[in-house]
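Here is the structure we will look at.
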Amino acid sequence: MSTPQHNMSLSGEPPATLSTTQKVATGIGWTGVFIFTLAIFNLQLPQMFLWLGLGLISLGVIIFANDQYYGKPAGVKNDGIWFKSMTARGVLAWGTAILLTLFYVVLYWFPQYLGYNPDGANSGLVGLFDPLSRFISGQPASQWFVYGTFYTLAILIFGYKFLLKYRHNKYEVLRTFSVMFFQLGFAFLIPEILMRLNQPYFNPVNIWPLNYDLFAGYKLSEFFSAGNIGLLMLFFGIASIFVITPILTYFYGKRWYCSWVCGCGGLAETAGDPYRHLSDKSRATWKFERYIIHTVLVLVVVMTIAVIYSFLNENPDQFWLNKNVFLLGSAAFLVLLFGLIWIFKRHRLAKDAKKGAIISLSIVLAIIAAFYFSGMTYGYLLRQWYGFLIGAAFSGVIGVGFYPIFGNRVWCRFGCPMAAVLGMQQRLFSKFRITTNGGQCISCGNCSTYCEMGIDVRAYAQKGENIVRSSCVGCGICSAVCPRGVLKLENGALEGRINSEAVLLGNDVDLLDLIRQQKKATRDPHSSPFNS
Amino acid sequence: MSTPEHVVIIGNGIAGITAARHIRRISDKKITVISAESDFFFSRTALMYVYMGHMKWEHLKPYEDWFWEENRIELKQAYVEKIEASSKMLFLRGGERIYYDKLILATGSVPRFLGIEGEDLKGVQGLVSKQDLELLEENTRTCKSAVIVGGGLIGVELAEMLHTRNIPVTMLIREKAFWQNVLPLQNAQFISRHIESHGIILKHETELKEIKGTNGRVTSVKTSAGEQIDCDLLGISVGVKPNITFLEGSEIEIDHGILVDPYLQTNITDVYAIGDCAQHKEPKNGRKDIEAVWYTARMMGETVAQTICGKPFPYNPGHWFNSAKFFEIEFQTYGYVSANPGEHEQHLHWEHPDGTKAVTIAYHPENFRFFGINTFGIRMRHEVLDRWLTDERDLEFILSHLREANFDPEFYDRYEKEIFSSFKHQVRERLEH
């Protein structure tokens with residue numbers, strides 16, 4: 001490099017970017033946050049402070065978003081993102097990450113500091129939310145209700161901002177309305193209302209294995225004691241895993257869930273949107289990602305089998321299902337699934353994916369055998385540890401807390417077992433792909449930079465290759481930020497979906513043909529899908 | 001075993017790097033890429049996004065740094081001062097010498113200047129290289145207003161970049177509307193309107209006459225209309241020219257660019273030239289002799305790789321295509337839509353009332369054969385249009401199948417019906433007259 005770099009970017013700082021209106025909006029929003037901070041100090045705040053706090057935060061974000069996007073031409077506006085402290089891992093980003101992380105730590109492990117009191121009246125922040133909680137579910141608030149309210153509010157108000165930012169793109173608009181709807185209706189209101197009706201807390205779109213509690217002993221007891229409705233819920237939960245999910249993924253790819261329905265995805269797409277470019281695209285991270293996410297999947301499978309096994313062990317007379325039959329059945333199911341994939345889709349898998357699958361299956365089968373022969377029941381303990389390590393520490397603390405540092409899909413990308421399951425379905429049998437108009441690609445890198453899942457989209461686009469990566473959540477932003485219209489999310493025929501022999505158009509047809517042949521002949525079995 | 005042949009490539013742009021990658025794919029030759037501009041290959045077309053803060057410099061590198069070693073492509077940051085073809089030797093600045101068996105010149109282009117007095121003042125610059133971008137950062141640190149000369153792609157990029165830093169921009173455009181030497185007038189006016197809607201001032205049919213400065217820095221310009229415009233930055237974007245000054249006095253035959261035959265070989269055996277710096281002695285398919293376009297540079301890289309690896313291949317590009325973006329409006333073109341159609345070409349224009357979408361189709365007025373299409377704000381599928389051009393489809397076929405070529409994201413509004421009825425109307429009117 002010929003000149004020394006003084007700055008994070010090649011081109012240094014632009015002029016100050018906050019307008020007066022935006023400064024005022026920031027003030028309004030933070031006043032709202034301040035009110036909730038006051039509540040933490042255990043002050044008995046009047047009821048109106050709750051509404052005032054929520055209102056001010058919403059108002060602040062809405063005014064800010066309006067000033068930022070309204071009255072300006074619709075189109076992708078990422079100006080200055082890498083110059084701003086908040087979105088370029090500056091002081092503000094680190095501060096926000098640390099604050100969020102601390103909030104999660106308190107929320108998960110020290111809710112009493114938020115004023116949560118399971119044995120008496122709530123105080124502080126949780127107490128402030130009591131009236132709202134009573135209004136919806138008829139019960140006093142818990143720390144989870146407070147969190148759920150903030151979470152939903154974040155998706156709604158930042159969803160509004162997202163809608164303004166991408167208003168020229170109908171795919172983004174519909175998708176955002178969808179995540180807002182599912183968060184408000186299905187994730188927030190329906191479970192609370194079910195509680196009011198004395199039914200089990202149940203969110204129909206929170207599907208196992210993301211919802212690792214679905215088969216927890218306490219949950220199963222709840223379902224079974226709730227009569228037909230409980231059984232219906234359990235049945236729906238199981239059908240979601242084995243029937244609904246695979247069918248929808250076959251037609252639309254995993255995006256129907258990850259970026260249209262899921263609450264984790266919902267928050268990532270709305271509140272997390274300003275951080276999407278921070279995800280690491282290096283090959284090293286990609287390798288790490290595949291190991292870690294599938295490890296979590298193995299963990300959740302083992303944990304779930306153990307939990308159900310323990311439950312059957314403790315209630316042997318209540319069910320037709322014998323604990324050992326269940327174990328053998330689970331093992332048989334996994335072997336069958338593996339066998340089918342091996343027979344029909346083996347040629348679609350890379351060498352290390354095959355190795356990983358064999359190792360994973362062996363581990364699960366070994367643990368099942370250990371259960372079978374020892375009769376041990378570590379189910380609850382395992383669930384506790386899974387809940388602590390994955391459910392709380394990974395998905396919450398790291399997953400959201402680190403948005404401003406590692407990007408908005410840390411959890412979805414590295415930890416979500418649901419994403420791993422859907423990813424396999426998407427990779428192996430789905431009509432979904434991102435088609436590339438590779439001839440028109442200028443390798444600018446906008447697509448890769450703004451891929452929240454850390455996929456090096458450009459590596460495919462500049463080769464003219466369709467993208468069928470299992471991690472792709474189909475957010476559509478790569479297509480939106482492409483200045484040449486090179487990428488398109490599509491559901492189409494399975495035939496020709498994977499076109500690794502593609503060559504870039506525009507050349508002499510004889511040459512294209514020759515290159516295609518050479519590509520086939522020299523395909524290095526060790527090469528990664530990156531950059532080859 | 002004998003040592004492998006040494007292929008040296010001067011220039012690490014898309015042309016040189018594509019050649020290197022394809023040579024590596026099909027051979028075991030020793031490959032060295034020499035560049036004075038940057039350590040690693042980067043996407044020149046994306047320089048603007050770094051300035052605008054969409055991306056950081058490292059995002060411009062399409063390949064991670066390990067890629068080159070893993071693929072045994074040696075990168076060398078150095079400046080080639082002289083080529084001695086008789087001894088196949090390169091003389092680098094600093095005295096180092098490199099022997100080559102095959103040499104590929106992919107030195108790209110440099111901004112063209114107008115030869116007006118004052119172009120060497122501080123604050124006057126073009127935008128092609130990484131160094132130009134660094135200079136722009138320097139030059140706009142305290143910039144209050146800017147003038148850009150030239151209504152082309154680099155001009156509008158420059159305008160968009162400065163716009164994000166809230167620097168007022170005036171553009172001097174020689175033609176009646178933006179990029180009118182390439183676009184039909186209606187398209188050009190459509191783009192002019194869009195650029196103006198962002199507050200950029202366009203002075204059409206205006207040229208730069210004088211540059212004024214004090215203390216070695218530009219302060220204002222005078223236009224051909226006699227107007228004086230104050231500015232701290234003067235962007236020159238009237239085009240680029242091949243970067244070949246270091247070849248003057250060598251045996252390699254040059255004109256505007258490095259002259260090459262259909263095999264991309266220069267007058268000297270084993271010396272080839274590709275990309276922006278190459279000038280075709282016998283351009284094919286009605287193409288220009290110098291095409292400073294990303295896509296053609298890539299194609300030449302692919303072609304020369306075959307020739308060098310023992311499969312002599314003439315450069316014979318397929319159907320013309322190109323793309324660009326003017327602020328929010330994406331532009332794609334397939335086939336040829338002439339800026340000034342003669343009597344053997346007719347155009348159909350459609351424009352959406354919101355001013356962000358337009359389509360122009362060129363065809364032969366007698367046999368209705370389809371020549372090409374310009375689309376603005378509507379994405380098209382390259383593969384489909386390429387096939388239609390090969391199959392020599394006629395206008396009726398294009399219009400009735402336009403939907404198949406659409407590449408817009410899901411749920412987008414479709415305009416094929418509107419376009420179809422508007423065009424039907426236009427054709428009927430023409431036939432009646």
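Along the chain as shown, the residues are counted starting at 1.
Glycine is no exception: its Cβ is also placed from the backbone N, Cα and C atoms.
Database features (TrEMBL):
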type	residues	note
DOMAIN	A:432-460	domain '4Fe-4S ferredoxin-type'
DOMAIN	A:463-492	domain '4Fe-4S ferredoxin-type'
TRANSMEM	A:24-43	transmembrane segment
TRANSMEM	A:49-70	transmembrane segment
TRANSMEM	A:91-110	transmembrane segment
TRANSMEM	A:144-164	transmembrane segment
TRANSMEM	A:176-194	transmembrane segment
TRANSMEM	A:229-251	transmembrane segment
TRANSMEM	A:291-312	transmembrane segment
TRANSMEM	A:324-344	transmembrane segment
TRANSMEM	A:356-373	transmembrane segment
TRANSMEM	A:385-406	transmembrane segment
Any contact between the transmembrane segment (A:291-312) and the transmembrane segment (A:324-344)? By contact I mean 3+ C-beta pairs closer than 8 Å, pairs at least 6 apart along the chain. yes
Any chance you could find the range in A:24-43, A:49-70, A:91-110, A:385-406 with the most Cβ pairs under 8 Å to the transmembrane segment (A:144-164)? A:49-70
Near the transmembrane segment (A:176-194), which same-chain residues lie under 8 Å Cβ to Cβ, leaving out any that are not at least 6 residues past its ends? 133, 136-137, 145, 148-149, 151-152, 155-156, 159, 162-163, 166, 200-206, 259-263, 265-267, 269-270
For the transmembrane segment (A:91-110), the distant same-chain contacts (Cβ-Cβ under 8 Å, at least six residues beyond its ends) come to 84-85, 143, 147, 275, 392-393, 396-398, 400-405
Rounded mean pLDDT for the residues that make up the domain '4Fe-4S ferredoxin-type' (A:463-492): 95
Cβ under 8 Å, sequence separation of at least 6 from the ends of the domain '4Fe-4S ferredoxin-type' (A:463-492): give me the contacting residues as numbers and ranges. 76, 78, 166, 169, 171-172, 175, 251-255, 258-259, 265, 269, 276, 289, 409, 412-413, 419-420, 423-424, 426-427, 430-442, 444, 446-455, 457, 498-500, 502-505, 529
Under 8 Å Cβ-Cβ from the transmembrane segment (A:324-344), and at least six residues away from its ends along the same chain, one finds 301, 305, 308-309, 312, 357, 361, 364-365, 368-369, 371-372, 424, 428
Its residues classified by DSSP, the domain '4Fe-4S ferredoxin-type' (A:463-492) shows 5 helix, 6 strand, 19 coil
Tally of helix, strand and coil residues over the domain '4Fe-4S ferredoxin-type' (A:432-460) according to DSSP? 11 helix, 5 strand, 13 coil
